[in-house]
Structure formats: structure tokens, C-alpha cells
Amino acid sequence: MASSKNMIHLGLILLIDFVSLCTGRLIRTKVAILGGGMAGVMVARTLSEKGISDFLIIEAESVLGGRMKETTFDKYTIELGANWIEGIRNHETGEENPIWTMATKYNLTSTATDTDDLLTYDQNGQFNYSDVVDQAFAHFKQVLDDATKREESNLEDLSFAEGQRLRGWIPTTSYEKVADWWAFDFEFADRPTASSMIRTAANEKATHGQRLEDDQFVTDQRGYAFLVREEAKRIATNNNILYNSTITTIEYSNSSVNITLRNGLIIWADYAICTFSVGVLQHNDVHFIPAFPAWKQESIFSFKMATYTKIFLQFPHKFWSNAQFFLYADPYRRGYYPQWQSLSEIGFFPDSNILVVTVVADQALIVEAQSKNQTLIEIMDVLRSMNGKNIPEPNNFYYYRWTLDPLYRGSYSNWPTGTSLCQHNNLGRPIGRLRFTGEAYSQEYYGFLHGAYLEGLKIGKKVADYVLNKTFRTDNRDYSCKQHSSREQKRIILSLLSKLKSGKNSKVSKFEFLQSIQNSHDFKR
């Protein structure tokens with residue numbers, strides 16, 4: 001019965017494809033790259049470097065860039081999404097962040113941000129609680145070290161907030177809460193209570209651990225995405241990119257991947273690489289046929305798509321003090337318009353009279369869901385409490401609603417408390433000839449642009465190997481993450497070791513053995 005259904009299903013696909021081919025509504029390609037952000041373009045570059053030119057980037061927007069998204073604000077180009085180059089150079093190895101290398105290659109303009117150039121405020125105006133800010137960062141660094149030791153000792157993971165409490169850092173005052181937000185939420189776009197202690201430490205140390213220079217804030221008037229657009233020019237022609245092409249359906253199997261666009265066009269690919277954000281996958285904005293297996297769905301919903309919203313205001317004149325950053329401690333609400341950045345300083349956009357206020361997590365969701373007028377009222381109330389009642393109204397005001405855009409559904413990923421390595425491995429695991437890549441799939445660099453870059457290179461190499469060396473193998477196994485008691489795990493490992501020694505089914509046994517060790521490792525986290 002199942003075989004008959006499969007044959008009927010295959011026949012329908014072939015019939016649809018035949019009709020589409022006859023009407024000119026079908027494109028054949030070796031590799032379809034679904035999305036033209038950093039990861040997608042790095043896949044394309046890797047394929048090109050391997051001598052593969054038969055690929056197609058399918059991009060829903062009119063330009064490449066993905067979450068590297070800019071707009072014009074008065075006469076300035078501002079970045080709505082990715083804005084920083086973080087972790088310039090590893091001083092132990094000398095290795096550069098590849099984004100910094102690319103930025104240097106294209107002479108991208110940027111300015112070092114100094115988070116110590118900070119003034120602190122509360123509801124009564126300027127008030128110095130920089131000592132509390134220093135305490136928050138000191139505890140943050142202590143928890144990072146504790147997390148590393150915890151992983152080395154094979155202890156259970158905790159939330160980052162639990163790690164803070166073990167260190168005696170329990171924010172209760174409004175100053176402690178905003179300092180905690182500045183030390184943690186501003187980077188990870190989520191609360192410490194919702195974030196893995198061990199994975200946060202690995203993520204932070206991988207990017208900032210030995211990288212001593214200040215992060216670079218991109219101010220280039222060509223836009224941050226100029227990097228990916230220039231890279232694409234070098235490896236792709238107009239025949240390799242479909243713009244303004246929204247994907248509605250992806251039908252995958254062990255033999256091909258069919259992608260249907262909103263305009264009715266069908267792309268028939270030998271392999272496809274999905275660069276959609278975790279948020280898009282969680283919202284079912286694209287229909288996958290067949291539905292993902294349970295272990296894949298679990299991995300998608302076990303990860304977090306965080307929201308980081310920058311709100312831009314331009315005023316007739318500058319009324320704030322000369323500093324890069326301002327921190328506001330609301331007396332009642334943690335994370336309520338807490339962090340302000342002046343772009344009017346030297347090295348940024350001098351005399352622009354632009355302020356940026358950043359909100360993340362729950363407050364970002366509120367801001368993106370409510371009217372812009374309501375947001376402006378709230379912001380101006382805060383600004384007046386900081387700077388006095390006689391400040392002017394802005395003559396320009398803008399922010400992007402990341403969570404409401406079906407192409408993004410958020411800003412970047414964060415590793416939640418309780419998500420195991422096994423579940424994260426499954427997040428990036430292929431299904432049929434459909435592979436996945438992007439910042440969320442990096443265990444070390446999730447949430448960072450260089451994570452998207454490196455994951456794009458990695459998956460590009462794997463798919464190039466499929467194409468050139470015919471290494472693709474059908475894999476219909478169940479990858480559900482299972483828990484085992486230590487006694488049961490020991491029994492499984494000993495049994496597999498016995499099989500290995502006997503030499504029977506050695507290839508399968510080696511895989512099972514490594515998978516068993518991985519599951520044991522994951523379970524303890």
C-alpha cells in the first residue's frame with residue numbers, strides 16, 4: 001500500500017514538472033541556495049571555488065544581504081540589522097575574524113565602539129552608578145569561567161542566571177537590573193534566565209575571549225551588506241540569482257528537491273541548502289513536504305530566535321552629553337528603553353543629531369507589535385526623565401519590525417536553557433537532499449555574522465563533495481535524542497565495543513559507537 005502511494009506521489013510530481021517544463025515555468029539546477037544572506041553567498045562562493053557554476057540563489061528581497069539590512073535615514077545609511085564586527089583578531093593565534101578580513105578587503109568604513117564611554121541615568125536624570133555596572137560585568141566574567149569549569153567537570157548545564165546566583169549576583173535594585181541587562185541582554189538579546197550557562201560561555205569566549213580590540217560599528221554608506229553583494233558579483237551572474245522570489249513550498253526527497261515560488265515558478269534541484277532563520281522554520285512560513293520528522297521539529301523548536309530592535313531618532317539639535325552610550329534604569333521595568341547610543345559623535349555621523357535606543361526580548365516584541373506612535377510616546381517620556389522636559393520632538397523616527405516580517409521572524413538565535421548538543425546537532429542535520437546552514441547552526445558562533453560565514457563555507461564544501469564525488473548517501477534514521485542512565489549508557493558502549501572488536505558490521509558499529517558517546521555527552525548537558 002505504502003509503495004503504491006509513493007508511486008502515485010512520484011507520478012504526480014513528474015506530471016507537474018513536465019507541465020511546468022513545457023510552459024517555461026521550471027528551472028533545473030544542480031544546487032539551489034535558499035536565501036541570499038551571508039551564509040547563502042558563502043555557500044555560492046565555495047561552490048564556485050570548487051568549479052561548480054550550476055547553482056541558483058533564490059532571494060525574496062530585491063537585493064542580497066538577508067539580516068544585513070540597511071535603509072536611508074535622512075541623508076544617512078543606517079543598519080537595521082547586523083551592525084558590528086565583533087572579535088577582530090585572536091591574540092593567541094593571530095587569526096582574524098573573517099568578517100574583518102572581508103571588511104578590510106572592501107575598505108568598509110567602521111568605528112571602534114567604547115562601552116566604557118558611558119553615562120548612567122535614572123528617572124530623575126543623570127546619576128552615577130557605574131560601580132554597579134562594573135560589578136555586573138565582573139560577575140558576568142566569573143560565570144563564564146565557572147561555566148567552562150562546569151563543562152570540563154561534566155556537570156549539568158544551568159541557566160546563566162543560576163550561575164550568577166551561585167556567584168552571589170542577584171539583581172534586585174533598578175540599577176542592578178539595568179547593569180545586568182547591559183552586561184548580558186544587550187549581547188544575547190535574551191535574559192540570563194532563558195539562556196544556557198555553558199553554551200553562552202562557549203559562544204562568548206570563542207568570539208571575544210582572546211580578541212582584545214574594541215568591536216567595530218559599521219558606518220559605511222554603501223551598507224554592511226556591500227560585503228556580500230560584492231562577493232556575489234565575483235562568483236555569480238544574473239543567471240545565478242533570482243531576486244524578488246518568495247518560496248512557498250519545498251518538496252524534498254532522497255533524489256531531488258523541488259522549490260515552488262509564489263509566482264508559480266518551480267526550481268528542480270539535485271540538492272538544496274536552506275538558509276532560513278530558525279524563526280522562519282518555527283513559524284511554518286514555508287510549507288515543507290513531507291513534514292519534518294519529530295526529531296527535526298524538536299530541534300527547531302528547542303532553539304530560540306531572539307529579537308534585537310534598534311529604534312532611530314533624529315532631532316533638530318543635540319541636547320545630550322558627549323558620550324557614546326547612555327544607560328537608563330527604569331524604576332519599575334527591567335529592559336525598558338535601557339540603552340542609548342549617540343551616532344552624533346566623532347567617527348560615527350558627526351552633527352547628525354541621531355540617537356539609537358535598543359530594546360530586546362519581551363520589550364522588543366512589545367515595541368514591534370504596538371503602533372509607532374505609542375512607541376514614540378514611551379521613548380519621549382524616558383528621554384524627558386533623562387534630559388529634562390524642554391527637549392524637542394524628533395523630526396525623524398524609524399525602526400524595523402523583525403518578528404513580524406515572514407522573511408526573518410526575529411533578529412538572531414540564542415541557545416536556551418535545557419537545549420542539548422544532540423538537539424542542536426539535529427538542527428543542522430540534513431533531511432534527504434535538503435541541507436541547512438546559517439548562524440544558528442554554529443555551536444560556537446551562533447548569533448554572530450561570522451557564524452553565518454563559517455557555516456556557509458562548511459556546508460558549501462559538503463554539497464560540493466556531493467556534486468563532484470557523488471558522496472551523498474540516503475539516511476532515514478531516527479535521530480531522536482534519548483536519555484540513558486549511566487549504567488544503561490555503560491552497557492550500550494560495552495556492547496558496541498564488543499561488536500567493534502569482533503569486526504562484524506564495523507562501519508555501522510563505529511557510527512553507533514560514536515553516536516552513543518555523543519548522546520551520553522549531550523545527556524549530561
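Glycine is treated like the rest: Cβ placed from N, Cα and C.
If you look up TrEMBL, you'll see GLU59, ALA60 marked as FAD binding site. Summarising the annotation, TrEMBL assigns domain 'Amine oxidase' to 38-458. The signal peptide annotation in TrEMBL covers 1-24.
For the domain 'Amine oxidase' (38-458), the model gives a mean pLDDT of 97.
Remark: of the binding-site residues GLU59, ALA60, the most isolated position is ALA60 (fewest other Cβ atoms within 10 Å of its Cβ). The DSSP secondary structure for GLU59 (FAD binding site) is coil.
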